[in-house]
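Novice: This is the structure, below, for whatever I ask next.
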Amino acid sequence: MANANVRVRFCPSPTGNPHVGLVRTALFNWAFARHHGGTLVFRIEDTDAARDSEESYEQLLDAMRWLGLDWDEGPEVGGPHAPYRQSQRMDLYKDVAAKLLEAGHAYYCYCTTEELDERREAARAAGKPSGYDGKCREVGAELKAQYEREDRKPIVRFRMPDEAITFTDLVRGELTFTPENVPDFGIVRANGAPLYTLVNPVDDALMEITHVLRGEDLLSSTPRQVALYRALAQIGVGNGSTPSFGHLPYVMGEGNKKLSKRDPQSSLNLYRERGFLREGLLNYLSLLGWSLSADQDIFTMDEMVAAFDVKDVNANPARFDLKKCEAINADHIRRMDPKAFADACTPWLRAPHANWAPEKFDQAAWDAIAPHAQTRVTVLSDITANVDFLFLDEPARDEASWTKAMKEGSDALLRTARAKLAEAEWNADAIKAAVVAAGEEHGLKLGKAQAPVRVAVTGRTVGLPLFESLEVLGRERTLTRIDAALAKLAG
Ligand code: GLU
Ligand code: ZN
């Protein structure tokens, strides 16, 4: 059921490089918004000056654009709740903090780190809950004056209600958190800087977010945010309603450990550099917690958008499987329009990735071979090794291939093949007939007969269909390479 009132947000902190976990979160929010014809808000949570960087901010925008995950409000597009970078909204948060203090939903906490540590240790030793103990909830005027004389700089702490918080998670069902497990928490640092714990729900309230879809790692902050929402409603910040929450399952990496941002496998840039298609990567990432149907792994983003419902997200941890990710990508490559495939490979074929000089790239040769390459690559960067024989003066010789293909008698076979190829008409069928005939003269089946020819001409035992490759390479270069192989065999 479409619901144009849906407002979701993707709100990363600009630290480090974008990673696949973040992309999965962005994707699910985007698909949910698009499914409902609702709004995706892109907000930058850059309140931690020590960790955030402009470079990372640029990378986030670039990643979203590359992925094709468009947003309706946020950086560059603006919107009714601008600005969408939290670093530009500080006054607003300070104002809300002041209101919370005034209404008694928050209080100044003067405890020093040492005092907090000490009490936490003692609570632990006594087997009691070790969160903040509420000491500063009621600080009388006298004690306050003393703290101020001691020049203690207080933080602002939110007063959690003394009752359980219950909400219905869209993925996990009803969840209840008891007060012992959700102590009062800091919302403004001693230096006056508002914290994530405050600014995230404040912005969700002000931006009228209806659904919060985010990773399970944030589940423990949800009861605090629910309580904060209720307080915000009381002081008239936002429209008074609390969004629904859906926590997306953990993504597990190698050895059943949570996939971490630091895991090389998790860096989005890596997938871009290897030449994953956005549709292939997103298709795979969508399967981390969701599926279109039991018997259809491969689908387009349009199909995902049409079918996506957060209620179908599975609460169980998902396993990140690079092999499957690659297989799905290969499938998407095979489904491309041939012209689009040829164009998409061009950045890899025109230096600096390639091992030939850029001016050796030959567009006509590429156009002719591309249709034969499309079914053979998993990621676009695979293309260079498949077609380098066309653009190098001499084939890149793989020694293992040479040893494997060049057996006793290979020189005789190559000489016969050369003679027949010199006479053949130059098209794939005729080339094949020439190699078949050469093999027959030496009592070799086609597979055995073509191996030395392939290695002589392309340098490797595996590659694109041989006869089409030779047709594109041309007679002259083919014969020259066979001659060079014969010379090497003659040693
Ligand atoms: N900036 C937070 C993060 O990247 C967002 C958390 C949320 O979605 O609420 O972890
Ligand atoms: Zn305190």
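Each residue, glycine too, has its Cβ placed from N, Cα and C.
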Novice: Under TrEMBL, the annotation motif ''KMSKS' region' belongs to which of these stretches: 43-47, 78-82, 178-182, 258-262?
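Specialist: That would be 258-262, the stretch labelled motif ''KMSKS' region' in TrEMBL.
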Novice: In TrEMBL, which of 12-22, 111-121, 144-154 is tagged motif ''HIGH' region'?
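Specialist: Motif ''HIGH' region', as annotated by TrEMBL, spans 12-22.
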Novice: Other than its close neighbours in sequence, what residues sit by the motif ''KMSKS' region' (258-262), given a CB gap under 8 Å and a spacing of at least six beyond its ends?
Specialist: 16, 19-21, 250-252, 320
Novice: Near GLU138 (Zn(2+) binding site), how many other Cβ atoms are within 10 Å of its Cβ?
Specialist: 8
Novice: For the domain 'Aminoacyl-tRNA synthetase class I anticodon-binding' (341-486), would you mind checking the mean pLDDT of the predicted model?
Specialist: 96
Novice: Write out, in the order they occur in the sequence, the residues of the chain not among CYS109, CYS111, CYS136, GLU138 that have a C-beta within 8 Å of the mean position of the C-beta atoms of the recorded Zn(2+) site.
Specialist: TYR107, TYR108, TYR110, GLY134, LYS135, ARG137, VAL139, PRO154, ARG157
Novice: Going through the binding-site residues CYS111, GLU138, LYS261 in sequence order, which have a CB under 6 Å from an atom of ligand 2?
Specialist: CYS111
Novice: What does DSSP give as the helix, strand and coil breakdown of the domain 'Aminoacyl-tRNA synthetase class I anticodon-binding' (341-486)?
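Specialist: Counting residues by DSSP class gives 103 helix, 0 strand, 43 coil.
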Novice: Around the C-beta of CYS111 (Zn(2+) binding site), how many further C-beta atoms are within 10 angstroms, looking at every protein chain?
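Specialist: There are 19 of them.
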Novice: LYS261 (ATP binding site) to CYS111 (Zn(2+) binding site): how many Å between their Cα atoms?
Specialist: 33
